[in-house]
Amino acid sequence: MDERAALTLIDSWLPLAGDDAAVLDDLVISTDMLHETTDFPEGTTRYTAGWRSVGASLSDIAAMGANATAAVAVYAAPSFEEPEIHDFIDGARAVCERVGAEYVGGDLDGHDEFTVATTVVGDTHEPVRRSGASPGETLCVTGTLGRSGAALELFDHEPERANDLFQFEPRVAAGRAIAAHAGAMMDSSDGLARSLHQLAAASDCGFDVAGSALPIDECVHEVATDELDVYELAVHFGEDFELVFTTDAVETVRSLSPTPITPIGTVTDDGVTLDGASLPDRGYSH
Ligand SMILES: Nc1ncnc2c1ncn2[C@@H]1O[C@H](COP(=O)(O)OP(=O)(O)OP(=O)(O)O)[C@@H](O)[C@H]1O
Ligand SMILES: Cc1ncc(C[n+]2csc(CCOP(=O)(O)O)c2C)c(N)n1
Ligand SMILES: [Mg+2]
Ligand SMILES: [Mg+2]
Ligand SMILES: [Mg+2]
């Protein structure tokens, strides 16, 4: 069974699962695990690893339109070296600070492969779920697409720049601004294409995306090749950690959000298309 099939099963077993984070009354909670071989390319600093792993969970809190309150992380490695743990905690604290949350603790574990598990809690009175999109709404995305895909290509030759690109900003403030005006929302951790298929399934709708409207990051054009084209990096690769949402108040959310918001298409009755042609459900899968 692949990851998606397993998630579909879990979704049918657990009434509170199935969204970016679970919501209980006003409490919002999410957890994630990242591994050296699948998540941290060679050259990723411990600072970036701390930032990115805690950031991934903060992004799931943002995707509910919630405030992020606190984060904890498990740091598992073959050995505990002072500079490495220090850098990791600095990165974890920095990403929390960026979104007004606090890094409050965690756990250490001995493990052959460097592995990080994170948990973040937040709060909201008005969670935005994946299931609330309606045909006719505008489809929007925060920030730019493709930074992580481009970064992965840069680790060999420009590791410092790749680390910078890998330190994304979780869109908590934008999510708060969007919350009151969104139909549905999620983060694009598995890429825009797969996110749209997930939103479409949860909301029983479709999407038509305008390719020319996509806010593709400048660095994507720099690293794209014939084999690894711009759409592959910006639409399918994943780990953008941008918010993908639907709204009928584009100008309002644009005026409220500290992060740029780009309308990229419309909510339709069914099917996910890019410039009218079917957009395959291809993205990252564990
Ligand atoms: N082992 C598990 N036990 C219970 N629920 C799970 C488990 N794994 C995943 N889920 C639930 O399935 C849903 C989808 O999980 P997934 O991690 O793919 O979402 P996500 O956090 O948006 O993705 P990403 O990890 O790429 O950010 C979530 O609601 C999650 O709580
Ligand atoms: C070494 C290395 N290889 C590949 C990738 C790309 N990658 C890893 S996980 C993921 C999607 C979201 O994962 P999750 O569902 O766990 O949040 C993507 C696009 C990487 N970062 N490092
Ligand atoms: Mg998510
Ligand atoms: Mg997650
Ligand atoms: Mg995922």
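These residue numbers are counts, starting from 1, taken along the chain as shown.
Note that Cβ sites are derived from N, Cα and C of the backbone, with glycine treated the same way.
Note: TrEMBL annotation is automatic and uncurated.
Binding of Mg(2+) 4 is attributed by TrEMBL to Asp20, Asp60, and within the candidate set Ser30, Ser79, Ser131 the record adds Ser30 to that site. With every protein chain in view, the residue among the binding-site residues Asp39, Asp107, Asp190 whose Cβ has the most Cβ partners within 10 Å turns out to be Asp190. Contacts of Thr31 (Mg(2+) 1 binding site) defined by a Cβ separation under 8 A and a same-chain sequence distance of 6+ are given as Ser57, Ala117, Thr118, Thr119, Val120, in order along the sequence. Candidate binding-site residues: Thr31, Arg130, Asp187, Asp190. Those with a Cβ under 6 Å from ligand 2, in sequence order, are Asp190.
Checking the binding-site residues Thr31, Asp32, Asp39, Gly106, Asp107, Arg130 against ligand 3 with a 6 Å cutoff on the Cβ atom leaves no residue at all. Checked against ligand 4, the binding-site residues Thr31, Asp107, Arg130, Glu239 give no residue with a Cβ under 6 Å from it.
Ligand 1 lies under 6 Å from the Cβ of the following binding-site residues, listed in sequence order from Asp20, Asp32, Ser189, Asp190, Glu239: Asp20, Asp32, Ser189, Asp190.
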